[in-house]
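Enquirer: Dropping the structure in here first, questions after.
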Amino acid sequence: MTETAREPVLIFLFGATGDLARRKLYSALYRLYTRDQEFAVIGLARRTHTDETYRDLINDSLPSEVGQRKHFLERFYYRRLDITRPESFASLSTFCEELDARYHLHGNRIFYLSLAPCFFAEAAKQLKKSGLAETKGWKRLVIEKPFGHNKESSKELNDSLLHAFNENEIYRIDHYLGKEMVQNIEVLRFANPIFEAIWNRRYISNVQITLSETLGVGDRANYYDQTGALLDMVQNHIMQLLTLVAMEPPVRLETNDVRYEKVKVLKAVRPMNIHNVTEQIVRGQYSRGIDANRERLRGYLDENNIRSDSETETFVAAQFMIDNYRWQGVPFYIRTGKRMSEKATQIVIQFKKLPKNPYFHNVNHVGPNLLVIYISPDEGLSLKLNVKETGETGNTIPISMKFRNNALAMENMQDAYERLIADCIKGDSTNFTRWDEVAYSWEIVDSIVDSWKKRHVPVDYYEAGSMGPVSADELLEKNGHHWWPLMHME
Ligand code: NAP
């Protein structure tokens, strides 16, 4: 890792007028600014803006409680640029040198591509061609998801980026890796011998990863209908969570050591084939339903801009098996979907049951120990244990020991994008995905897509506002398991 903490930088923000920039990136940059990060930003997109109207747009995207806006906004500049018109790049050179000198940025440059993926390769090509990627300082390319739509296209994209940037200059964002409790998984596992000692097939019965959304497809219909839940959520976020739970302890907590261990997990995930795909994966699509407030919800096929015969999955549940010494035989269940009853990201580690034990007349009434990692919206941990019920009944009752990130700490806590941009400025790519991680996770997903196609696997419908199709429950029931209901810190 090249440590360049607190170095000033010029950020080229491609897609400066877009949803991601307005909802996440400007407030992340504001928080970095309040932490004394020196930077200037050139916002780039096709729409017409002056520096002033661009600053108004940023101002409107900041949360209302934000103070000291004036000095912050003054470091933002807007230039019109169309990725498909190479001449728009040429005019940037002089301007960026001017900003370099004005803000003493030492030629350090981040090119943040908050653009539709079809523009990633062209943007990198034009950055090289125009000479903008030639600088006396360091340069880094931040790239949003999705990184390709299968292994082949992701390799093509990667090859084209490598013409302009080295692998260690490419920061592939998976914003889940910037989340507080996701970063806590490694600490929980590797700083607590009591967990590491039992973190294996001898003591763990199964692992359940849920990433549920209540929203429907909304205004992302065009993108989503061609993508689906498998590519949108499983290939990236879910695979990343799975690797963090399953990886071996790295030799050092350094970028390449951590990434190396994550890749080993992906290599060990058993690929799907036409024989196991229907037994181990469920494809779902929401139909009409009602939400928690008893409001009616449209089915996916009734959503705007969705083909009336669309077979795109809005839900996936799967059982992954990891063929290595630590995890042989332990199912990793994952589920993700839109229009589910609750929005949450959490991981449940279910420990094995007691063996027959003379101290308990009815072992079946003693529930399993559960370690729950709450990633969002709650952030914390809970550990479910059995204790004696007070009095003389002789019964056991479950209790939960909880740790919750406290409200004050959470208010001051960096959000995922802020943390990841700060890491990028420092040159720390640990929490970004390396090319081989992307490639292996595409191999897994490609094996599923391929088998679905060959077997013509249809979608199973589930009511909007539910936790998915019945087949997702059956997936676990055949192994004697069940989904734990989403849990809460309160
Ligand atoms: P968006 O709202 O559609 O914004 C796209 C941006 O690209 C706009 O600023 C648009 O501005 C600009 N643009 C479009 N065509 C262009 C061209 N030919 N040349 C230059 N600029 C062009 O998309 P988004 O939601 O912000 O997403 C951006 C990226 O982040 C995507 O890769 C997406 O998958 C990823 N992402 C988004 C979210 C999210 O919550 N939004 C979350 C995770 C990842 P003009 O129309 O003015 O050119």
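Every residue gets a Cβ built from N, Cα and C, even glycine.
Just so you know, TrEMBL annotations never went through curation; they're auto-generated.
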Enquirer: Of Glu152, Glu156, Glu213, Glu254, which one shares the substrate site with His175, Lys179, Asp232, Lys338, Lys343 in TrEMBL?
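Expert: Candidate listed by TrEMBL for the same site: Glu213.
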Enquirer: Inside 10 Å of the Cβ of Asp232 (substrate binding site), count up the other Cβ atoms and send me the figure.
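Expert: For Asp232 (substrate binding site), the count of other Cβ atoms within 10 Å is 21.
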Enquirer: So if I measure Cβ to Cβ from Thr17 (NADP(+) binding site) and keep only same-chain residues at least 6 apart in sequence, which ones fall under 8 Å?
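Expert: Looking at Cβ-Cβ distances below 8 Å from Thr17 (NADP(+) binding site), excluding near sequence neighbours, one finds Gly43, Ala45, Arg47, His49, Leu57.
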Enquirer: Spatially, which candidate from the binding-site residues Gly15, Asp19, Ala21, Arg46, Ile83 is nearest to Lys338 (substrate binding site), comparing Cα atoms?
Expert: Asp19
Enquirer: Taking only the residues the record lists as binding NADP(+), namely Gly15, Ala16, Thr17, Gly18, Asp19, Leu20, Ala21, Arg22, Arg46, Asp82, Ile83, Lys145, what is the largest Cα to Cα distance between any two of them, in Å to the nearest whole number?
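Expert: 21 Å is the greatest Cα spacing among the residues binding NADP(+).
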Enquirer: CB neighbours of Ala21 (NADP(+) binding site) within 10 A?
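Expert: If we count other Cβ atoms within 10 Å of Ala21 (NADP(+) binding site), we arrive at 23.
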Enquirer: Where the criterion is a Cβ under 6 Å from an atom of ligand 1, which of the binding-site residues Gly15, Thr17, Asp19, Ile83, Lys338 meet it?
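Expert: Checked binding-site residues vs ligand 1; flagged Gly15, Thr17, Asp19, Ile83.
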